[in-house]
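The next block holds one structure in the form of C-alpha cells; read it before the comments.
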C-alpha cells in the first residue's frame, strides 16, 4: 500500500507582532533579530484563543483539500508541547469540534520534531489495515510558554497550526522512507523549566541541528538509492535562518528548493513543518510527482526526516 498526504491546511492568528514591536519590551532591534534569526514578524494568538482553536482551523483546511468529511477520519494525532491543559488532549477537543465521531484521538509530544513522529505513526497505523484516514496536526501556542524578558528566546517564537490528512495514494507516490531518532542525553539543552518557560542552550542546539538535519536528509534519500540532487523541495523545521542555511549549504540544495516561512511565521515548533508545507503547496512550489523531504529536530533531543513523492 502506498501511503501519503491527501491534503494540507494551516492557520495563523491575525495578531501580527513585528520586530519593532518587540523593541518596546526587550533590549533588541529589528536588525539584530533579522540577521541572527531571519524573522521579521510572527503571529501571536490572543488570550482567548487556545491551541485547539488553531488546530481546528488547520484541520478544516486539510480536510477540504483532501475532499473528505470529518466522519471519514479514523484517528486524530496532534503534535504539540502547548496543549490547552494537561488533559484532555487537543486531539480529543478537535475531534468534537470537527464532528469526527468515528476517530480515536491522542496527542504526540516530541517538541519541534512532533509532526514527523505523528506523520510516521499515522503511516504505521494505516499500514496495519486498522485505519484508512488519519488526520495529523501540529499546533502550538508558544506565546504562553515564552519568557518575554529573555531577548535570546522571545524573538524566536510564534503561534499557529498546520495539518495533513494521511491516506492511500497512487502507485509510486507517498512516503518512501523515513528516519526518527532521539538522544535523551541532550534533554538539558532545550526544555521547559518549572516556571513554564522555554530554556535553550543556543550554541549546543545550533551544533546539533546543523549536523543532524543534513545527516537525516541524506539518510532518507540514500535509503531510496538516490542522491541529494534528486530532491525537488526541502521543507525543514523553521527554527532559525542560520541553521536552515547551514543545513541547506551542507546538502548542496539550491535556495529556491527550500521552504522559508520563518520570515513571516517565526519558529512554530511542531507546527512549523506542516505550516511551511501547506504554504508551499498553496503557492504552487510543490508539484505532482516532486520528491519532497521533510526534516526537523527538537527538544528531547529528537529528530525526524521523511522522503515522499508528492501527489495522490
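Please read every residue number as a count from 1 along the shown chain.
Using N, Cα and C of the backbone, Cβ positions are placed for all residues, glycine too.
Annotated range for region 'ACP-binding' in Swiss-Prot, selecting from 233-237, 238-242, 243-247: 238-242. Here residue 237 (active site) is positioned 7 angstrom away from residue 112 (active site), judged by their C-alpha atoms. Residue environment of residue 237 (active site) contains 30 other Cβ atoms, counted within 10 Å of its Cβ in all protein chains. Cβ-based crowding with a 10 Å cutoff singles out 112 as the top-ranked of the active-site residues 112, 267. Confidence for the region 'ACP-binding' (238-242), expressed as mean pLDDT, is 96. Residue 267 (active site) carries a strand DSSP state (E or B).
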